[in-house]
Each structure stands twice: as C-alpha cells, then as structure tokens.
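Lifted from Swiss-Prot, the feature list:
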COMPBIAS  1-10  compositional bias 'Basic residues'
CROSSLNK  160  SUMO2 cross-link
CROSSLNK  314  SUMO2 cross-link
CROSSLNK  322  SUMO2 cross-link
DOMAIN    60-249  domain 'Brix'
REGION    1-46  region 'Disordered'
C-alpha cells in the first residue's frame, strides 16, 4: 500500500512538472486554453469603470452648515453648494448661544480643514464666513441678491460631482486683500483631483467678478460644440466686511471702508421716508396759515379803468302781455303716437267684424 501511494504521489508530481514545462514552452493544455478564452470573452462584455490614473493627494474637505434662524432661501442655497461641491460635508445647525470658536472644534471632529458657515440675524440678514480652520485666515461677508437653482430654472445643466473651472476677475490681482480672498476661494471651491466622490469631467465654470466693491458669483455650463456658456445657477453677491488673521476671529487684517450694515441701510431709508412725510406736513401747515390770514384790500387804482368803455344803456321795456307757453315736443309726439295707435285698433276691430 505504501509503495502504491508513493507511486501516485510521484505521478502527481510528474504531472505538475509537465504542466510547468508546457507553460514555459507556451503550450497550455486544452482545458487551460478553454478557461483563458472564456475569461477573454467575459472581459469583452464587461463595462469599464471610470478611468483613474492618479492618486488622491489633495485632501481638502469643506464643512458647510449654518446657524439657527435661517429662512428657506438660505437653506436651498446651502443645499445647492453641497450639490456642486462633492468634497463638502454637512452638519447640524449651530445654536446661537455658542461662540464662533466652537466651529474650529466641529471642523476638527468632522476632519475638515475649510469651512463655509452661514450666520442668520434678525431673520432677514445673512452673513457668510469663509475660514481656513484652525489657523486662519477667515473672511466675513454679507450675502445679498440670493437666487437658488429651484428659483432660477435656467437652461444650463452639469454632471453631478464634476470638477469646475474657476474664473477670477483681473481685479483680484491688483489689491492684496483681493489676492488673499482669491487664494481662499480657490482652496474652498475647487474640487480636488481624483476625489472619490468626483467625476473625471470638467463641464462647468465658477466665475468670481468684482463690481461695485462686491464679489458676484455665477455658475455656467460649458457647451462642448462651440464652448459657449449657459448659466446654471445659483447666484449670490458677497459684500466683504472684514478679514481676520485667525479662524473666526483674531486680529483684523482688512476692514472694508465701503461697507454699510443692513441696520444702517434700513435707518437711512426710514429717515428719508420720514423727511418726505415731514416736508408734506410742513406744506400743509403753510397752506392752513395762508387761509387763516386776513386778505389785504388793495386801494383802487384809477389808471386801471382808463381803457374801460361803458356799455350802452338800453331803454327799460315793460312787458304787459303774457308770453306764449313753450311747446313741449315730447308731449306732442306722445299724443300723436296715442292717436295713431287708437286708429289702428279701430281698423283692426272693423276688419274682424
């Protein structure tokens, strides 16, 4: 029995050696050839996955969230930004009582190094913080003229998760505070290459334009045929307030001299309307005083009647006869109509007999 086992083992070893020799010589057995052909056919039918020739190195993660008290338009804008930025993360609303320094701890827990924070005040004013957590810098903006994707309904469209191009106004390179904001916007809004949630396509462009001391944001689709631009949305305008050295605080690097707070703006509007009302009341009071004043009687000017010619005096006629009464044409027509009607009735009754 032992001898037979040894022989079998030896036979198996010999067969394995033969297979190895055939593989080296390029001659596979018939079964191996069939397996390779089946694998080749399966590979032909298989749909190739997305092409990724590189490694994800830029690990930028953006935390996008807000404070309590925002309205529906701000919430929709926040959702649109999350949709356009696949490298973003969401979090629950922050309480108003918490200080802004707590956001740095939230970013650390969420493993994010950039933050977009929407701060609502008085249920009508919206502020946006762009911050590099935890070391800074950070910038505070007043958000104006918000138009969301659902509100605009533009004809443009882009692939969800695709990477955008960033287009900046040449004015960003002229002043140092705009150059700092440009770098901050590049790091926040640019989707990292080879990000797992991103698509390997570039089919839309974010434009940042400086006009009237404000930054105007637009999102356009790039059409493949003629490279034309069609707007997608959303839209908003950023009015810079301050740039801080730290994240959500610290020494002030720049303060916008052209900025006017919403409270001040509303106060100016109220003062203008109040001034108009006061002016109307003053005009009414002056008119009342003029009416109450006694009228000054001017002395008669004899030269005023120089060119007045007196009318000829007509003789007085006394009418002794009573004037004839005026003929009432309407009553006369009615009488004639009644007479004609009676005649017709008589004629019709005579014919019937």
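Heads up, the Cβ atoms here are built off N, Cα and C, so glycines get one too.
The number of other CB atoms found within 10 A of the CB of residue 160 (SUMO2 cross-link), across every protein chain shown, is 11. On a Cα basis, residue 322 (SUMO2 cross-link) lies 104 Å away from residue 160 (SUMO2 cross-link).
Calculated from their C-alpha atoms, the gap between residue 314 (SUMO2 cross-link) and residue 322 (SUMO2 cross-link) amounts to 22 Å. In the three-state DSSP scheme, residue 322 (SUMO2 cross-link) falls into the coil class. Around residue 322 (SUMO2 cross-link), no same-chain residue six or more apart in sequence has its CB under 8 Å from its CB. Of all the Cβ atoms in the protein chains shown, 6 others lie within 10 Å of the Cβ of residue 314 (SUMO2 cross-link).
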